[in-house]
Amino acid sequence: MDGMVPLQKQILDYTASLFQEGYLDDQFNQLQELQDESNPDFVVEVVTLFFEDADRLLNELSKALVQESIDFRRLDAHVHQLKGSSSSIGAQRVQRVCISFRNCCQEQNIEGCLKSLQQVKHEYSLVKTKLETLFQMEEQLVAGRG
């Protein structure tokens, strides 16, 4: 049990750094507050659904941007959906990049859209890795208590 205290502190410090570095916002805290004994995997389940949705949307966006004739309204709808789902889990940096991506869609700026897609992919990849790390640490903590 004594080995758990440093791990708990490590989890708290790591989580705090995700907020300080702007990866997460208060929405993530609100998500955690919905988790309880009756649903101990709530946050992991919601975030996993976000990962699946984001992967699908990023794939759709990539395909849409290589078309000969780009449907900017459809592109914007996909970005809007990604912005909403990233906002719902508190993935602040992904959400912010989606806002500028949507501006490029509305301006029908192909270069801006391509650049924004790369930024979204980058920020998404970072937050996904960081959240997976957090969940692994929490899993270790639970396993140590078991």
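Positions of Cβ are set from backbone N, Cα and C atoms, glycine also.
TrEMBL does not curate its annotations; it predicts them automatically.
Noted in TrEMBL for the protein shown:
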- 39-144: domain 'HPt' (DOMAIN)
- His80: phosphohistidine (MOD_RES)
Q: Could you give me the DSSP helix, strand and coil counts for the domain 'HPt' (39-144)?
A: 91 helix, 2 strand, 13 coil
Q) In the predicted model, what is the mean pLDDT computed over the domain 'HPt' (39-144)? A) 97
Q: May I ask which residues of the same chain, at least 6 positions away in sequence, place their Cβ under 8 angstroms from the Cβ of His80 (phosphohistidine)?
A: Cys98, Arg102
